[in-house]
Structure formats: structure tokens, C-alpha cells
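Okay, structure first, notes after.
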Amino acid sequence: MGLSDQEWQHVLTIWGKVESDLAGHGHEILMRLFHDLPETLDRFERFKGLTTPDQMKASEELKKHGVTVLTQLGKILKLKGKHEAELKPLAQTHATKHKIPVKYLEFISEVIIKVIAEKHSADFGADSQAAMKKALELFRNDMASKYKEFGFQG
């Protein structure tokens, strides 16, 4: 299920636009995730007190975590599927410490695509969206495989 060179080019081109404002994109993605799927907030002990959109919007901690999430995802995407070394420690913490189910990775993937489409509609057409979907699916599948190695069936 690898991506073609052209698909990776689509992914990395749009990711360059995301990187131009990691804080804004990351904050928006997490706010949208927690708003649209409130059960995901239960996995984040430090954010449980953020119950309103205004609280989420004002949270520097949430913004900072959004940068962390997108920075890590960007590193993985730039490896174009050759991400074993980068993915393993991420999968280990998500499986053994945070216990984040794979379905939550699906949820955030959908939100990432929605937010990029809203913020960069002119640059994120059908081909780019399909390529990003495929890249995020590759990431999720590889995370799920690693989860099993760590004994987490999430």
C-alpha cells in the first residue's frame, strides 16, 4: 500500500503549508477533534478541564501539544514510508503509556484532512487529499502493527 513518488510529492507539498503555521494547524486540529469526538478528550488527562471551545482556544498547553503532534507527524511523513525507526518509539508510548486506540488515530487523521482542506482549499484538491489519506492510512497501519508488537490490541 505504498505511495507513488507523485503521491508523496502531493503529501509533502501540502505539508509544507501546514508547517508554515504548526501552532495554528495543530491547535485547530486538536480543538476540532475534542469538539467533534468528545470521548477522545478522555485520553488526555491534562486537557480534561477544557470543556468549552473558549477554554480550548485559550489553552497554550493545547496549542503546544498540537505543535508536538504535527512536528512528529511531519517527521514521519517526510520519511516517505521508511519510518520504522521514527515510528517505533512513538508507537511504544502510544501503546504502553497513553493507550491510544488505533481508531483514535483514524479520528485525528480525518480531522487533519478536514482542517487542511479548509485552510488550504486551493492547494488541497482531490489528488492531494487522496494522497494524504493514503499516507495517513499507511501511518495508522504501521502504528497498529507496532502496537501488536508491544502487546496492545488498541
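The backbone N, Cα and C atoms fix where each Cβ goes, glycine too.
Computed from a predicted structure; not experimentally measured.
The nitrite binding site annotation in Swiss-Prot covers His65. Residues annotated as O2 binding site in Swiss-Prot: His65. As annotated by Swiss-Prot, heme b binding site applies to His94, with the evidence given as similarity to another entry. Per Swiss-Prot, domain 'Globin' is recorded for 2-148.
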Select one residue from His65, His94: among these binding-site residues, choose the one with the most other Cβ atoms within 10 Å of its Cβ.
His94
Could you round the CA separation between His94 (heme b binding site) and the residue listed as 'nitrite binding site' to a whole angstrom and send it over?
14
The mean pLDDT across the domain 'Globin' (2-148) is 96
